[in-house]
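A.B. asks: Provided herewith is a single structure, encoded as structure tokens, for subsequent inquiry.
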Amino acid sequence: MHDLAYRKELDGVRAIAVVSVILFHVGFPSMPGGYVGVDVFFVLSGYLICGQTYLRLRDGTYSATDFFARRIRRLSTAYFACFLVTALVAHMLFLREDLAEIYANLIGSVTFTNNYNLLFSQGYFNQDAHENPFLHTWSLSIEEQFYIVLPILILLTRRSLTAFTRMLVAGFVISLALALLSGQQIYLRDQRFFATSFRVWELALGGLVFVALERGWRLPRGPVLPLIGLALVIAPVGWIDDSWLYPGFITLAPTLGTALLIATASPAEGYVGRALAARPMAYIGRISYGAYLWHWPLIVYATTLWGALNDEFRTGLVLGSLALGAMSYHLIEQPIRRVNVRTHKEWLYAMFAVQTVILLLLAAWLSHQSTKEESFEDLAMQKIKTEIGNFHDRWDDCWNKMGPDEYCRIGAEGEGEVDYIVWGDSMANSALPGFDAYGKATGQRGFMATAAACAPLPDISREYGGAETCIAFNDGVRAYLKDAPPMTVYLMARWTYYAEGYDNQRSNTPNEAVMVDRAGAELPGPNIEIFEPAFAALLDEIGERHEVKVMNLWPVAPYSVPVVMLREAWFGTYVPPITLEAYEARGGRVVALLERLAKERGMQVFAPHETLCATGTCVLHEDGVPLYVDQTHLGQAGNRVLERMLLGQE
């Protein structure tokens, strides 16, 4: 026996997995945990691939070259077609600035390294990631890495069946321990999602289930265990969200649930198995690979062209994804499966090489296209285009300066004593032109004291890989203000980033940033309860000597404002405005908190939303020029609004 017997019920489990992922990706709010479908895929893949390998090792017919040829036959032609079309459509739809990221992700997808490309560049739940049509290939990269390493290890252990089983056990134990016990010591929250080392245990679990069944281990029969397995797979889809540390303890639910279904959900022995093996479920499972490949590019391009999705549009995208999966299955996957591995092995390898070269050449061409300057005849579009990522000239010069000898000077000319200082994170740094113009208009000299992802808070910091630097930077500002002559201190930051986490605007749940103390220890409790006493203490500390003014939360968008404005002008895409209601829902608690803490101490609070959202809809541009250079940071127009606000003209 060389191949596993076909089990319809496992295709039914696949159907649940792929539908969960698609429903999550199209943005149905009732499916915040649909991403666990990928974990189900990992366990199923481990069961099937390790099972086939185990049987061939046992029978003495294992061949690494045959193994790779079968993987090529199963996977490469379908993803070649998808990647080719996805990249060409991206060239037609996306701006030149976007193509550089597309190029990098296409390269990563073709070389099976895209999970690490994403690990160091984008978080799975970040808004920017949802404009990347190759985001979903991270899971394919992990599986392919497993398929590459597994035969190598088998050869190193001389095809020993015992060594193969021990490898699965070791991989399972080590990887699971990393996932459960490491916290954020190795990778931060977003990074760990993509790390292969945190996912190997899921693939190994599937393999160990096969080994256990093959050796005669059996769980009690009856409906209870299949029902428990099904519940463990389905329940997380509706009740976990992107605030969980993932993979982690909660990942045991869908993975162990899948293992239980593999071990117990036989159609001959219960209604769970029969339901999973039903024709519609089994069919969706068979087309799941193609549906997974095509669904995400389809969603990205639909939102690029038509903006926000309503429930009817979301339903259409789900059905469209399944239709594309069916086309892939019948027109690409099934025909290539008829190729005999033993007689056409060289042909399969040659086909794979040609496909890879074509995609790499396409990626190189996209990279070249991304370096070309994009020109628009329409003057309004040109104005928008120039603001994309157009940070001010001193953006890179004013970070992390330690003390008055290094702080950037702004405002009126001269080297005398300063009248004001701007203290904050990158949001404050982006406001340099506005504060500079204000100082020049009023004849005041100022300092800029800013650090990336570093709010003006005493003794604590958001954990982002630079907490120690942030706390040291804030210590320096506090030490300076302790002895400096009285001045005006402007506090400005993306406050919700620290007090609430950040909302990716998709599953309606904040993804809380971890806050740490001086020792790097994670602080327990909701962030806003950590933020409030720290910010109050800061106001008391510096308010004894200086006049403190707090810049409250700006109404930022869940997307790059100039990019979306340009797409809107180019394609006629409708982008729903940011309403005052949405602004208050996202940051209302923080806005009220800052206002209360400042006013209790007689300090002034600037409220940008009172100006920009006065009509109930928040203004994101002025005279056709976006206020922001991206999602958050002020551009030229935004700084003009800020200057008028500081001068009391707004």
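Quick reminder: no glycine exception, Cβ is built from N, Cα and C everywhere.
Taken from TrEMBL, the feature domain 'Acyltransferase 3' applies to 8-320. Look at TrEMBL and you will find 404-646 tagged as domain 'SGNH'. The transmembrane segment annotation in TrEMBL covers 12-28, 34-55, 76-95, 135-156, 168-187, 193-212, 224-240, 246-268, 289-309, 315-332, 347-366.
Help me picture these features in the structure, burial and contacts included.
C.D. replies: Over the domain 'Acyltransferase 3' (8-320), the average per-residue pLDDT in this prediction is 90.
Beyond the ends of the transmembrane segment (34-55), by six or more residues, the same chain brings 1-4, 10, 13-14, 16-25, 28, 62, 67, 124, 139, 142-143, 146-147, 150, 154, 161, 164-165, 168, 199, 202-211, 214, 233, 236-237, 240, 242, 246-247, 251, 253-255, 257-259, 262, 292 to within a C-beta distance below 8 angstroms of the stretch.
Tertiary proximity for the transmembrane segment (76-95) is limited to same-chain residues at least six positions away from its ends with a CB under 8 Å from its CB atoms, namely 102, 106, 109-110, 133-134, 137, 140, 289-290, 293-294, 297, 301, 304-305, 328, 332-333, 336, 351-352, 355, 358-359, 362-363, 366, 369, 374, 388, 563, 566-567, 571.
Within its own chain, the transmembrane segment (193-212) has Cβ neighbours under 8 Å at 4, 39, 42-51, 54, 115-116, 118-119, 123-124, 138, 142-143, 145-146, 165, 168-169, 171-176, 178-179, 186-187, 246-247, 251, 255-256, 258-259, 262-263, counting only residues six or more beyond its boundaries.
Here the transmembrane segment (246-268) has long-range neighbours at 8-10, 13, 35-37, 39-40, 42-44, 47, 179-180, 192-193, 198-199, 202, 205-206, 209-210, 212-213, 218-219, 221, 225-226, 228-233, 235-236, 240, 274, 276-277, meaning same-chain residues at least 6 beyond its ends whose C-beta is under 8 angstroms from one of its own.
For the transmembrane segment (289-309), same-chain residues at least 6 beyond its ends with a Cβ under 8 Å from one of its own Cβ atoms are 18, 21-22, 25-27, 41, 75, 78-79, 82, 85-86, 89, 93-94, 130-136, 317-318, 320-322, 324-329, 332-333, 567-568, 571, 573-576.
For the transmembrane segment (315-332), same-chain residues at least 6 beyond its ends with a Cβ under 8 Å from one of its own Cβ atoms are 18-19, 22-23, 26, 77-78, 81-82, 284, 286-295, 298-299, 302, 309.
Residues 68-69, 72-73, 76-77, 80, 83-84, 87-88, 90-91, 99, 102-103, 106-107, 110, 339, 341 of the same chain, all 6+ positions outside the transmembrane segment (347-366), place their C-beta atoms under 8 angstroms from a C-beta of that stretch.
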A.B. asks: Determine which residues of the chain contact the transmembrane segment (135-156) at the Cβ level, with the cut-off under 8 Å and only residues 6 or more beyond its ends counted.
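C.D. replies: Hits for the transmembrane segment (135-156): 25, 38, 41-42, 45-46, 49-50, 53, 57, 62, 64, 67-68, 71, 75, 79, 105, 108-109, 112-116, 118, 122, 124, 129, 163-164, 167, 194, 196, 199-200, 203, 292-293, 295-296, 300.
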A.B. asks: Taking residues 6+ outside the transmembrane segment (224-240), which of them lie with a CB under 8 Å of any CB in it?
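C.D. replies: Same-chain residues near the transmembrane segment (224-240) but 6 or more away: 13, 16-17, 20, 23-24, 30-34, 36-37, 40, 246, 250, 253-254, 256-261, 263-265, 270, 272-273.
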